[in-house]
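> What follows is a structure written as structure tokens; I'll ask about it next.
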Amino acid sequence: MILIVLAFIGLSYYAVVWESYGPGIFEGSAQSRFSSFVAVFIFTILIAMTLWSYFACVTTDPGKVPRGWHPFPNDEEADAQFSLASYGGHPVGSNGQRVRFCRKCKAWKPERAHHDSGTGQCVLRMDHYCIWVLNCVGLLNYKMFLLFLFWTFWACALASGLLINSFIRFFQSDADLNSARPAIVFIAFVVDAAFCLSLLGFLIMHMRLVLNNCTTIEMFEKARGPPWPYSLGSRQNFKAVFGSRPWAWLLPMHSAAEKASMLDDALHEPCLQGPELTDLRGSDPMSCDV
């Protein structure tokens with residue numbers, strides 16, 4: 001799948017730079033050469049950011065539940081409750097709330113963590129498994145995934161705008177159909193336009209999830225009901241994913257301090273607003289408003 005993604009990116013870059021605007025940097029009037037240079041320069045930056053975000057999402061650990069983690073105050077209580085959970089019981093924590101246990105991992109898991117069958121481990125704040133990146137999208141690489149969508153959308157939008165005149169000329173009588181160039185540009189435009197439109201809807205959906213502090217899994221498994229308990233307000237929800245440094249919001253990376261804080265929050269400091277629930281996946285209907 002990674003090779004398919006790279007092939008799409010390569011096709012788009014070849015059609016825009018090598019076939020359409022690259023030659024114009026060295027030909028024509030000064031204004032025409034400058035316009036071609038600007039188009040190639042901006043498009044190259046967008047492609048570079050797309051590739052950076054993509055490989056960051058592919059290679060970044062999504063945030064797995066550490067081995068040996070448990071929600072109990074001491075190991076003795078954890079061992080006692082482990083036996084109960086292993087045989088189908090319903091263990092509770094020291095505060096009387098029901099705790100979560102993964103029967104596949106045979107281990108405890110915090111709220112919002114889900115088992116990823118691809119890696120065989122539970123992932124913190126798991127959103128979904130993405131076949132395009134061959135990785136689970138979770139706590140630590142969700143930002144990279146969103147930026148991959150963001151930069152890909154703008155790269156496809158710009159490519160569509162730059163290639164539309166060549167696309168129109170493909171249907172005109174004076175088009176050179178004996179050359180491979182019109183076909184390459186035609187295919188690249190269709191692919192870029194299709195991805196641009198589909199990614200727009202996907203981006204809108206995920207930004208609504210971000211602003212509500214909700215995941216794709218939670219969006220589909222919850223019923224409409226009281227206010228979503230994990231929401232901290234749209235601004236803080238955004239920072240929980242993209243970090244508190246505005247200059248780094250469009251860069252596919254987290255600082256070491258941000259990673260440590262995110263892991264600590266996910267493991268030990270669940271953000272609940274309003275009445276606490278003993279089991280968010282129980283009988284009480286509760287939904288992020290997405």
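Placement of Cβ uses the backbone N, Cα and C atoms for every residue, glycine included.
So TrEMBL says this about it:
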DOMAIN    99-222  domain 'Palmitoyltransferase DHHC'
TRANSMEM  33-57  transmembrane segment
TRANSMEM  145-171  transmembrane segment
TRANSMEM  183-204  transmembrane segment
> Same chain, outside the transmembrane segment (33-57) by at least 6, Cβ under 8 Å from its Cβ: which residues?
5, 9, 12-13, 16-17, 21-27, 130, 133, 135, 137, 141, 144-145, 147-148, 150-152, 154-155, 158-159, 162, 250, 252-253
> Which residue counts does DSSP give the domain 'Palmitoyltransferase DHHC' (99-222) for helix, strand and coil?
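The domain 'Palmitoyltransferase DHHC' (99-222) comes out at 67 helix, 18 strand, 39 coil.
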> Taking the domain 'Palmitoyltransferase DHHC' (99-222) alone, what is its mean pLDDT?
90
